[in-house]
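TrEMBL annotations:
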- 18-36: transmembrane segment (TRANSMEM)
- 112-132: transmembrane segment (TRANSMEM)
- 147-164: transmembrane segment (TRANSMEM)
- 176-198: transmembrane segment (TRANSMEM)
- 204-228: transmembrane segment (TRANSMEM)
- 254-275: transmembrane segment (TRANSMEM)
- 305-323: transmembrane segment (TRANSMEM)
- 363-384: transmembrane segment (TRANSMEM)
- 390-408: transmembrane segment (TRANSMEM)
Amino acid sequence: MLSTLRNAWKVPELRKKFLWTIFLVAIFRIGIHIPVPGIDTSYLTQVTESGGLLSFYNLISGGALKNFSIFALAVSPYINASIIVQLLTIAIPSLEQLSKEGEEGRKKIQSITRYLSIGIGFVLAMGIFTMISSQGAATGLNTAEKAVVLISLVVGSTFCMWLGDQITQRGFGNGVSILIFVNIVSQLPMTLMSLFTLKEAGQVGIVEITIFLVAVVALLAISIFFSLAERRVPVQYAGKAVGSKVMKGQSTHIPLSIIGSAVIAIIFAMSVMMFPETIANFFPGKSWSTWILHSPYSIFNKETWMYPVFYAAFTIFFTWFYTQITFKPDEMAENLHKSAGFIPGVRPGAPTEKYFEKLLTKVSLIGGVFAAVLAVLPTIVNNYTAFKGIQFGGTSVLILIGVGLDFSRQLDSQLVMRHYQGFLK
């Protein structure tokens with residue numbers, strides 16, 4: 001790997017991409033430490049360490065939410081907007097048509113996503129500001145000062161989105177993914193500090209910590225295996241007559257990723273399970289909020305056995321649902337038929353569509369079960385072991401692995417073009 005990076009550094013074009021990526025990421029990391037004035041962050045520190053939805057947003061913002069910096073929202077509005085636009089593209093015919101219009105259509109959808117992310121950013125900023133105000137963390141602010149706080153958060157989020165676009169255009173990989181990757185990595189030292197804090201408190205010993213770290217490494221290895229795993233559907237194309245020559249038919253395959261929808265599914269399931277908890281935290285002391293947070297019969301109470309069960313069930317369902325609406329078996333069968341392709345042993349048309357439906361159900365079930373394990377594992381560890389308060393979930397693992405593999409593939413392809421041996425050789 002080091003030799004590959006050295007080879008890449010020797011190529012002026014790749015070196016320029018590296019420098020741009022480092023420069024833009026550095027700007028982002030500096031902005032994380034610029035606070036919004038007039039806010040007492042002690043309450044945010046408490047609520048972001050409770051493991052709720054805001055804890056996830058704090059993780060992907062690199063701790064900016066806990067510090068209530070100008071980048072507190074980071075790219076969270078853009079992520080939500082991207083998911084919403086993806087779903088609307090499936091539901092609204094005009095957007096679906098745009099998605100099929102090539103590069104121009106993609107640019108228009110990207111523009112819609114950006115504008116929507118600004119709106120979502122304003123809603124999130126209002127929600128977070130209302131929450132911290134109810135806890136006395138933003139007292140004594142007049143209307144103009146409140147407006148400054150909201151504008152700072154929205155402008156900061158928009159600037160983060162712009163930084164992501166610049167990394168995509170000038171640097172390596174998907175810019176937004178790179179920013180999330182860097183933010184998650186920046187929180188890893190805090191996770192290690194939490195382990196040693198537990199050791200100093202006498203709650204765990206060196207043997208338990210060693211076993212925990214070995215288990216984490218094993219989980220990473222298994223996650224990499226599933227990230228690379230795919231079900232390959234064999235496809236045969238009929239031969240064609242070109243002039244007086246008959247071109248021989250070609251064989252290829254359609255790759256179906258096992259956990260391609262896992263991250264989106266976990267985020268959906270997390271939102272369903274943690275949104276009521278987040279709302280309940282807005283109204284502490286209320287009878288209904290106390291029931292949601294502490295009742296043994298509440299599925300939103302993390303200390304009950306029902307929470308991980310429902311969390312896992314929602315994750316499996318959303319994995320299946322998102323896989324079905326993303327791949328669209330009917331369109332896959334139709335496109336295959338139009339291109340004179342067929343699956344050996346399966347008749348074209350309706351039988352091919354049913355074949356894809358059955359196969360996608362199996363693939364999504366396997367991926368959904370694995371995603372569910374990753375999703376509930378932190379809760380199980382927190383509830384039934386001595387390792388409490390360790391903020392490192394399954395979504396983080398999948399994001400780290402996904403972005404890392406994407407970066408290595410992109411760098412490898414660039415080096416192969418220049419006759420170098422890359423990561424995947």
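Just so it is clear, glycine is given a Cβ too, placed from its N, Cα and C backbone atoms.
Remote same-chain partners of the transmembrane segment (390-408), defined as residues 6 or more beyond its termini with a Cβ less than 8 Å from a stretch Cβ, comprise 49, 51, 55-56, 59-60, 172-174, 177-178, 180-181, 184-185, 187-188, 190-191, 194-195, 216, 219-220, 223-224, 227-228, 259, 262-263, 266-267, 270, 371, 373-375, 377-378, 381-382, 422-424. Between the transmembrane segment (254-275) and the transmembrane segment (363-384) there are 3 or more Cβ pairs closer than 8 Å, counting only residues 6 or more apart in sequence, so the two stretches are in contact. Here the transmembrane segment (305-323) has long-range neighbours at 260-262, 264-266, 268-270, 272-273, 298-299, 360-361, 363-365, 367-369, 371-373, 375-376, 379-380, meaning same-chain residues at least 6 beyond its ends whose C-beta is under 8 angstroms from one of its own. Only sequence-distant pairs (6 or more apart) were considered; of these, at least three Cβ pairs between the transmembrane segment (147-164) and the transmembrane segment (18-36) are under 8 A, so the stretches are in contact. Beyond the ends of the transmembrane segment (363-384), by six or more residues, the same chain brings 51, 219, 223, 226, 231, 256-262, 265-266, 269-270, 302-303, 307-308, 311-313, 315-320, 323-324, 390, 392-395, 397-398 to within a C-beta distance below 8 angstroms of the stretch. With a threshold of 8 Å between CB atoms, the same-chain residues lying at least 6 positions outside the transmembrane segment (18-36) that come near it are 8-9, 61-64, 67-72, 149, 152-153, 156, 159-160, 163, 166-167, 170-173, 175, 178-179, 182, 186. The list of residues near the transmembrane segment (112-132) in space but at least 6 beyond its ends in sequence, with Cβ under 8 angstroms from a Cβ of it, reads 39-40, 43-44, 47, 54, 65, 68, 72-73, 76-78, 80-82, 84-85, 95, 138, 146, 149-150, 153-154, 157-158, 161, 281-282.
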